[in-house]
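Student: TrEMBL lists these features:
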BINDING   A:D89, A:L90, A:T91, A:R119, A:Q133, A:D137, A:R307, A:Y311, A:Y312  L-histidine binding site
DOMAIN    A:1-385  domain 'Aminoacyl-transfer RNA synthetases class-II family profile'
There are 2 protein chains.
Amino acid sequence: MAKDKKPRRPRAETPRGFRDYFGAEVTERAAMLAKITEVYHAHGFDPLESSAVETVEALGKFLPDVDRPNEGVFAWQDEDESWLALRYDLTAPLARVYAQHRNDLPNPYRRYAVGPVWRNEKPGPGRFRQFYQCDADTVGSASPAADAEICGMLAAALENAGIAPGDYLIRLNNRKVLNGVMEAAGVLDPADPEAHAAARGIVLRAIDKLDRLGEAGVRALLGEGRKDDSGDYTKGAGLGADQAEIVMGFVAARRDTGAETCARLRELVGASVQGAEGVSELEQIAELLDRQGLGPDRIVIDPSVVRGLGYYTGAVYEAELTFEILDEKGRPRQFGSVAGGGRYDGLVKRFTGQAVPATGVSIGVDRLLAALRAKGRMSAEAAGPVVVTAMDRDRLGDYQAMAAELRAAGIRAEVFLGGGNMGKQLKYADKRAAPVAVIEGGDEKDRGVVQIKDLALGARLAADIETNEDWKAQPAQMEIPRAELVAQVRAMLARAAGPAEG
Amino acid sequence: MAKDKKPRRPRAETPRGFRDYFGAEVTERAAMLAKITEVYHAHGFDPLESSAVETVEALGKFLPDVDRPNEGVFAWQDEDESWLALRYDLTAPLARVYAQHRNDLPNPYRRYAVGPVWRNEKPGPGRFRQFYQCDADTVGSASPAADAEICGMLAAALENAGIAPGDYLIRLNNRKVLNGVMEAAGVLDPADPEAHAAARGIVLRAIDKLDRLGEAGVRALLGEGRKDDSGDYTKGAGLGADQAEIVMGFVAARRDTGAETCARLRELVGASVQGAEGVSELEQIAELLDRQGLGPDRIVIDPSVVRGLGYYTGAVYEAELTFEILDEKGRPRQFGSVAGGGRYDGLVKRFTGQAVPATGVSIGVDRLLAALRAKGRMSAEAAGPVVVTAMDRDRLGDYQAMAAELRAAGIRAEVFLGGGNMGKQLKYADKRAAPVAVIEGGDEKDRGVVQIKDLALGARLAADIETNEDWKAQPAQMEIPRAELVAQVRAMLARAAGPAEG
């Protein structure tokens, strides 16, 4: 058989914008998500794992970042000609799942979901095309109590994950109040709700940028428009000075207490029926949260929170971390938002024609994990296994027996299965972050002993060691009876975990 | 603004061959995988979560099911013209990850991985285009001890997940032995290893079908070929009767003990160097497993196991469950294979040009989960939450406080947030599989009491109840002081969980 011409080797690379997660990156994320979903589960929320692949028509055009260019999904055509795509969030699939299975689901349906989502966007530093989301939503309840429940549950989840009270703040607002303000400002007419839609979209996104642009920047966007530092011009909403004043009054309506804020909002929405409804909902939510002991030190009414997403129809909420971290250049900065959500009543209607009230929150998994690491709430280095070295290649059975004994005692352990001398084996153990190495050469075997070594102490020297004899000369190494292996390794691990070296 | 013509509503459907997983389907799978990965982790294996999307060139053409038509991946072209695809298994990504990160990884690299994979195949009953795999592999060790470790770890993982000793059997073989037999049968020439490759492929797949086709069917495929029941003709390997006899002797070489089986295999491979090496590896693996107390009641050398996958180069192993279950038509049948794997030395070489020895196992997650459910090893119905009914819409705060008290005591609890009378609320609780419902109307509130109801007892009647008065008349309902809510609900849950009704 003639040999084919040898093809060039494939490149061993993740695709652009994708990455792999190793060891503690996987287990720490899993531990954090377990803490969060434990709270969701305790609140009666059920897990849902929808398929990663959806039809393009089911996903619809609800991508959350309306400002971002090249927004999109990874899509392809199936063999039956239909277009399929990877989900870009966990909310659009929930709407599809609820519409598909609504006769079998409890009503209201509370569910949580955890999993990767995919965005066909230009990757950037720290921005990947696959990332995790963790959502909780209640579908089928229009009650402000459902919004209050989500806000309270979010606070409990953040605290259960390791964010201390005082280190986070959930800010709460209501789109109906904003709509009331739009009415008062003359850019929303209840008799013709489609009119001025474009201007309202600009107002919404302008307010959402308050943190970044400041008051003057927002005012410019409410009026004629704004040229940014790069020279790019963003068209404004075209509001007059009086109109803009009403909107800016809304943004600055936060007062010392929720009651005062609500009173101020009632003034601002004037005669708007929808606006009054929104204020009333905020009052109900605040009262329910107060009853749970979740006061303004944890959850506060803040009209400057609007969230840019077009589909929200009522309450909106956002959790930010209030402590500072150092950025990559060592400058302190506020950590910022780690979760957000709100009420949306239109997503299921797309499928069924019937409005189904829904409210829910999404946690930015990677951001929260980074925050917990920054606060030292994650065990910095996950414990590697005890490494049983393989001095004598013919006695692997003996070494496996030692590892099995350690495991039976609940101690993570493995036998070195590669090639190389003791120095190489200890370098391996070092790379594994092994706390302890076990060694049993022929001499030790004959005398019924083994050597155990505290690698946390000895790792720095390991690179220079080539023979068993050198190795024995190091500190933090003990010769112990073989029969005491488990007890002595356990004691050494306890010393290593203690505050001082034993 | 003119309104667009209304588009037709999107269909609320998962794509063909995909499905969603609800509630206990998610938590039971997670619980099983936690039991399995606990064992892997204890053995020093580290988690790896590679990206779901790979370049098509990195994935290569290693799809496991060589016989299946329309085998394939879900692929699409990225904006930079490169082709991307969803991973079809966890082994091909491991090879890519190892080649990409080998300088940063320990050597050997032991890793486990859990996650969905995607196959662009024709879906069928119980066969989906997205499903879970759970793999453990050791990359960088050529030692038979690495194969023995995986086999022993697989046994420990199955037992930790709930499969009792005696309910499973891991069968072990070695491709080098098969190659030795091929040499003896004249279809493999060490001096020209490419010759007869097609015939060997047919022999491999024929042996792999022994369970299904029986000895006569395999013999036909070794010779001229075979017409199946549907009339389809499968071309044979073209072996003569003497050659086929050698192969069939190999397939039937299993003896009462591993030593006897190995002795028989030594006869069969004759002068083949590779064959003798394979037998020697089997002996080493069996000895190491014996040392761990994993005898032929758990792991047995069985030459009829070859595994159809082309890329295996040494040890191959397969775990089957030995108990019978009833199929969908009520007929008993053997449960069959739930895991398989082996040694493959060529996957990393594709990228680097250097052969890297590797061995690993993949567990069929859905099949093992089905087996555990069939054996009653999964809590059949996960406990729903305690449902606090909402008799009085204006006192949601009181109800939320009750739910919060229950949760603080570790009891899953929620408040009904939908609309409807008590009958509707109890139907909801029933759908939630709620063990207990709590009720507090105005009358109870005034008297400082609440009603608690054991729904496991009362669920059958619930559908007929429309009023609070009817509901109180039922058995299994108690009036208790409000202050005793947590203690009394806990006691009712304990009675419900007990062997007899309390």
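The backbone N, Cα and C atoms fix where each Cβ goes, glycine too.
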Student: Have a look around A:D89 (L-histidine binding site) and count the other CB atoms within 10 A of its CB, chains all included.
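Tutor: Summing over all protein chains shown, A:D89 (L-histidine binding site) has 18 other Cβ atoms within 10 Å.
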Student: Here the binding-site residues are A:R307, A:Y312; which one has the lowest number of other Cβ atoms no more than 10 Å from its Cβ?
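Tutor: It is A:R307 that, of the binding-site residues A:R307, A:Y312, has the fewest other Cβ atoms within 10 Å.
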Student: Pick out which of the binding-site residues A:T91, A:Q133 has the most other Cβ atoms within 10 Å of its own Cβ.
Tutor: A:T91
Student: Would you measure the largest Cα separation among A:D89, A:L90, A:T91, A:R119, A:Q133, A:D137, A:R307, A:Y311, A:Y312 for the L-histidine site and round it to whole Å?
Tutor: 21
Student: I want to verify one value. Collapsing DSSP to three states, which class is A:Q133 (L-histidine binding site)?
Tutor: strand
Student: Under DSSP, is A:T91 (L-histidine binding site) helix, strand or coil?
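Tutor: DSSP assigns A:T91 (L-histidine binding site) to helix.
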